[in-house]
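Input: a single structure, listed below in structure tokens.
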Amino acid sequence: MAYSSISGDTETPLLDDTVDGFADHKGRPVRRSSSGGWRSAAFIIGVEVAERFAYYGIGSNLISFLIGPLGQSTAAAAANVNTWSGTSTLLPLLGAFVADTYLGRYYTIIVASLIYILGLGLLAVSAVLPSPSPSECQKNDEIASCSPPQLQVILFFFALYLVAVGQGGHKPCVQAFGADQFDGQDPVEGKAKSSFFNWWYFSMCFGTLITLFVLNYIQDNLNWGLGFGIPCIAMVIALLVFLLGTKTYRYSVNGDEKSPFVRIGQVFVAAARNWRTTDSSLNVEEVARGTLPHQGSQQFRFLNKALLAPDGSKDDGKVCSVSDVEEAKAVLRLFPIWATCLAYAIVFAQSSTFFTKQGITMDRSLGSGFVIPAASLQSFITLAIIIFIPIYDRIFVPIARSLTRKPSGITMLQRIGTGIFLSCISMAIAALVEMKRLKTAEEYGLIDMPKVTVPMSVCWLIPQYILFGVSDVFTMVGLQEFFYDQVPNELRSVGLALYLSIFGVGNFLSSFLISVIDKTTNGDGQGSWFNDNLNQAHLDYFYWLLAGLSAVGLATYLYFAKSYIYNRGNRM
């Protein structure tokens, strides 16, 4: 910072105590000794815990609300859950754009929190609106079709997607804003920054665990309005706590540079505009502009055409810079990895839909009349993550390091591939367990009795949940690190948004796949794979299909991962 004085009675900060590239809440140079660090990060982590508590308080048990109070079919409810989850994980792309181009991360978090709170409040209201009771739907000893009031349905889905919009503003901003509180160039703060990411992920899992143990029980056994209202209160408190830290935060100073979205977009537009340019003209211009002759620059050479003005002039105002072109290439280089991870995202979507529906039909009692909420089984994913992360960091990495001689033990892409392989195994186990559940239902004559509990312990589902958690430690964390590391520094929020979009598109693909299969199998005379009576359905067929898709996705992923060129040196 080149500030020599600060207006008023504020002291001039010492040069070695000033954090370059950051300012305080009033735009003044920020001092290392009185800002940032854990004092600021603690406020931000608190917001993330509350947000994960709220998000999973809805998403983990959403299928139960749709099938129950809203009276939807199993296939329709699963499709709606996937569509909402997909929207929630695609909207961070919009949130990153708004933050980087207009509001900045701090104000985007505040606006997103307010939208989140409004959505949660309306969800609670929609859940307590009067709806027909089962006795009012009774007719001739059979339950007739009895839909909830249209107002309740409209209000519920409006509120649900308001929450998605709020989450879209949170995800690309909160973690990046928390990391901004540590100066990576300072030796002490650099170590703390690395520790921040560990505590960040641990806190996310902690917030999720509370949801699965507490909120799911309240929703299933007490009241849906209370189950949606508690997350709303938690988000209000979290926003107030976040605002308390305003004076301690460090705010990134970007100057007058264009938004990375605008810069990358201009590269693609300029390259398309100059698509007829010959290689000879391009080579001359590359030499003149000093394009780096490294291996990465030889990929996607068609983007180098953005270095030329459309009329062959040297008007720099119409020409993209070399750094802009390299930024665009770095983002485009991620696409094959992004696309081949979609099969993993489709598999990932099942833990909050059909896995939960399976659990509802099974014996969930734990003695003394206590019944485990089916959605709470997802806590085993979180527990597996919490337990396995230290094992991965303290045991697996040192062993792998001794074999590979790599500081990280295995590369980011190897880590991601390992998780995809484990998810494939998890789906195969899920299919085998479902086959046993169907056989048990048949043996006890429960095929036509969907409301009778199948005498098979819900603990049979635990292995597939645990394997999901272990695969998350490899693939989810690996993807986050990969998309954060393999983009230029100024595009870190874009990278995180791209990582989240994998799961957004994956949820939409899962919803589409379910709809197609439901329509196709519903006319074969045997009933849909997703029959509302799960004892007559064939989720096992669906799980085997996903295991096959995952295997194909893994093979394709390995092909592209083998030829991937890391931006910061080849680490394969």
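Including glycine, each Cβ sits where the backbone N, Cα and C put it.
Note that the coordinates shown come from a computational prediction; the quantities given were computed from them, not determined experimentally.
According to TrEMBL:
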type	residues	note
TRANSMEM	106-129	transmembrane segment
TRANSMEM	149-166	transmembrane segment
TRANSMEM	199-218	transmembrane segment
TRANSMEM	224-244	transmembrane segment
TRANSMEM	331-350	transmembrane segment
TRANSMEM	370-392	transmembrane segment
TRANSMEM	413-433	transmembrane segment
TRANSMEM	496-517	transmembrane segment
TRANSMEM	541-561	transmembrane segment
Stretch with greatest number of CB pairs under 8 Å, the transmembrane segment (199-218) reference, 106-129, 224-244, 331-350, 370-392, 541-561 candidates:
370-392
When you scan the chain for residues with a C-beta under 8 Å from the transmembrane segment (224-244), skipping those not six or more beyond its ends, what do you find?
43-44, 46-47, 49-51, 53-54, 57-58, 61, 65, 69, 109-110, 113-114, 116-117, 120-121, 123-125, 127-128, 215-216, 218
Most Cβ pairs under 8 Å with the transmembrane segment (413-433), selected from 106-129, 331-350, 370-392, 541-561:
541-561
Can at least 3 Cβ pairs under 8 A be found between the transmembrane segment (541-561) and the transmembrane segment (106-129), with each pair 6 or more apart in sequence?
no
Taking residues 6+ outside the transmembrane segment (106-129), which of them lie with a CB under 8 Å of any CB in it?
47, 51, 54, 58, 65, 69, 95, 98-99, 149, 151-152, 155-156, 158-170, 173-174, 177, 223-229, 231-232, 235-236, 238-239, 242-243, 246, 249, 251
For the transmembrane segment (370-392), what are the same-chain contacts with Cβ under 8 Å, counting residues 6+ beyond its ends?
56, 60-61, 64, 198, 201-202, 205-206, 208-209, 212-213, 216-217, 219-221, 351-352, 355-360, 364, 458, 461-462, 465-470, 472-474, 477
